[in-house]
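**Q** Can you read through this structure? Questions will come right after.
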Amino acid sequence: MKKTLFISVCLIWGTTWLAMAIAGQSIPSLTATALRFMVMSPLLILIACKDNVPLLFPRGKRHYMPIVALFYFAIPFWFMLEGEKYISSGLAAIIFSYMPIAIMLLSYFITKQHFSLRQILALLVTLLSLVSIISIESDISGSNYLIGIVLLTSAVLLHAIIYILKQHRLGHIHVLTFSAIPSGIASLLLLMAGLVTEPLVFADMQLSSLLAVLYLGSIAGVGGIVAYFRLNALVSPFKASLCFLIFPVIAVALEAVVTGRSLSPYSLLFILPLAGGIYQLIKPKRENPKTISVKQGAN
């Protein structure tokens, strides 16, 4: 069960990035993201009702629902799809794999959490590796790459901020409650923005893009949320976070197979130290044996 869930999460996350690129080929990004959540939200609502999970945040917390809708769903997911117009889906996945590091850095500034020497060295390795990959790809593909990189980086930061907000203010809220209604609100906001700003010609929509949106809303959206939630319930946060090391590899490989487009060989080399650094950063600290024996004695 654990292995199946882990593999499912890695495959879902790894295939999401190519699906977003395909969705954006013939559907404007705001509209495509809105349609994604229009598929996802009703399905999450049905699952929540079936499992007797409340749809609304608790009283006193409901003012956070539009914040989550806007800054966790609407803006970041639009940034991701829009960003993939400028960068490859593989590079987008690599940038997003930096999520655990972004959360750790923001937690440090907010809670003044201290880093160990191992974590500091690992952080330097990941930063240098990511900067090297971005620098290499930018030199190859031109200045437009920077637009995509800024959009994806902004999406990572927004997700990290809301994740920390959830930990400190909304930690007890079920993941279905957190996602079902806010994603529906996000779909309406995005659709209105798309109708105002984006020219939409239904005749130009390709079947592949529509199927990609359907995949993003159902398998990637609902399946990804449910599978990762169940995985977190069965394994430690560290083991669940290992998905962030594997899904970018799947995304890069899938893009190369399907589209023939790949990162440069030099960029691929930097994926190894990047993954190694992320592993060291998310790896839990070993507890002192003396501390363990004292705890066992106290029990």
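Don't overthink the numbers, they just go from 1 along the chain as shown.
Including glycine, each Cβ sits where the backbone N, Cα and C put it.
Keep in mind that this is a model prediction, so the values were computed, not measured.
According to TrEMBL, the protein carries these features:
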DOMAIN    5-133  domain 'EamA'
DOMAIN    147-279  domain 'EamA'
TRANSMEM  37-57  transmembrane segment
TRANSMEM  64-81  transmembrane segment
TRANSMEM  87-110  transmembrane segment
TRANSMEM  117-136  transmembrane segment
TRANSMEM  142-163  transmembrane segment
TRANSMEM  175-195  transmembrane segment
TRANSMEM  207-229  transmembrane segment
TRANSMEM  241-258  transmembrane segment
TRANSMEM  264-282  transmembrane segment
**Q** State, in range form, which of 64-81, 117-136, 142-163, 207-229, 241-258 has the highest count of Cβ pairs under 8 Å to the transmembrane segment (175-195).
**A** 64-81
**Q** Would the transmembrane segment (37-57) count as touching the transmembrane segment (87-110), i.e. at least 3 C-beta pairs under 8 angstroms with sequence separation of 6+?
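**A** The transmembrane segment (37-57) and the transmembrane segment (87-110): touching, no.
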**Q** How does the domain 'EamA' (5-133) divide up by DSSP, counting helix, then strand, then coil residues?
**A** 99 helix, 0 strand, 30 coil
**Q** Six or more residues beyond either end and a Cβ under 8 Å away: which residues meet both conditions relative to the transmembrane segment (64-81)?
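**A** Distant contacts of the transmembrane segment (64-81): 20, 23-24, 29-30, 32-33, 36-37, 56-57, 92, 96, 151-152, 154-156, 158-159, 161-162, 165, 169-170, 178-179, 181-183, 185-186, 189-190.
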**Q** Mind looking up the mean pLDDT for the domain 'EamA' (5-133) in the predicted model?
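**A** Mean pLDDT, the domain 'EamA' (5-133): 91.
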**Q** Do any residues of this chain, six or more beyond the ends of the transmembrane segment (117-136), have a C-beta under 8 angstroms from a C-beta of it, and if so which?
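**A** Non-local partners: 91, 94-95, 98, 101, 104-105, 145, 149, 263-264, 266-267, 270-271, 273-274, 276-281.
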